[in-house]
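Pulled from TrEMBL:
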TRANSMEM  12-32  transmembrane segment
DOMAIN    42-234  domain 'TLC'
TRANSMEM  53-76  transmembrane segment
TRANSMEM  176-199  transmembrane segment
TRANSMEM  205-223  transmembrane segment
Amino acid sequence: MGGHLEKVDDLLVVLGSCLAFSLVQLGLGRLFPKQKMFEVEWRAPESVNKLICAFHALLISGLTWRALLLSPFAIWSSEGWGAPFGHEAKRAAQVCLGYFMFDTVYSVWEQSFDMVVHHLVIISGLVVSLSEDISAKEMMMGTAVMEISTPFLHCRHFTRATINTKGLSLHDLSSYGFALSFFVCRILLAPFISYWAVVTLQNPVCVKIGAVAVQVLSFWWFWKLVQVIRRTLQGNGNERPKRDPKKHLDFVSKVQ
């Protein structure tokens with residue numbers, strides 16, 4: 001009986017998280033001003049979704065790092081891989097699962113099918129890990145590392161008005177902050193997590209495949225990011241090339 005009630009409670013946390021993010025998406029769209037400010041349409045679903053995504057990244061980073069610090073296993077040790085979920089880690093994973101369920105529906109509505117595939121891979125890994133109560137450390141470390149760069153990514157959207165100013169603009173700083181955090185977290189640290197996720201025997205095949213797929217995608221995204229930054233830095237003297245706010249580093253908006 002107790003196990004059944006615990007499963008119901010876990011399901012309610014996931015559904016509650018999904019519902020909460022959905023209500024915020026709908027509510028903020030009505031609260032923001034109608035007029036365009038700083039070249040941003042604040043009521044646009046895209047703008048609201050980016051705010052929610054940035055908030056989720058900050059929230060889930062805090063929850064996952066807290067869970068890792070409270071874990072009996074040292075964060076960077078070879079122990080604890082494939083271990084079951086503690087209470088803090090389980091709640092963090094459930095909130096994260098609810099968010100990705102919400103954002104998958106939003107991505108379908110936006111017809112962003114590459115993001116749908118990306119989210120479904122993450123959802124599959126979270127569902128398998130939670131249902132089998134395994135791979136908690138992999139999920140917590142992967143989520144904590146992957147989400148650090150997200151706030152920088154979405155700051156770009158809200159600093160478009162500064163793009164064509166002389167010198168380093170807020171948009172440039174956001175872009176470079178994103179590139180640096182992406183490199184440190186996804187290119188330097190994430191392969192360590194992916195390695196242990198793959199070599200840990202008790203991890204489900206779904207978790208192993210997901211870890212490899214996300215890592216390969218991160219390498220590809222970083223290569224594209226380097227090419228765009230290289231072109232952005234090209235200029236003649238103090239003259240900065242005019243850039244279209246909607247197209248500048250546009251592909252980066254798809255990175256999660």
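Quick reminder: no glycine exception, Cβ is built from N, Cα and C everywhere.
Long-range contacts of the transmembrane segment (53-76) within the same chain, counting only residues at least 6 positions beyond its ends with a Cβ under 8 Å from a Cβ of the stretch, are 21, 83, 86, 88-89, 91-92, 95-96, 99, 103, 136-137, 140-141, 143-144, 147-148, 150-151, 154-155, 192, 256. Over the domain 'TLC' (42-234), the average per-residue pLDDT in this prediction is 87.
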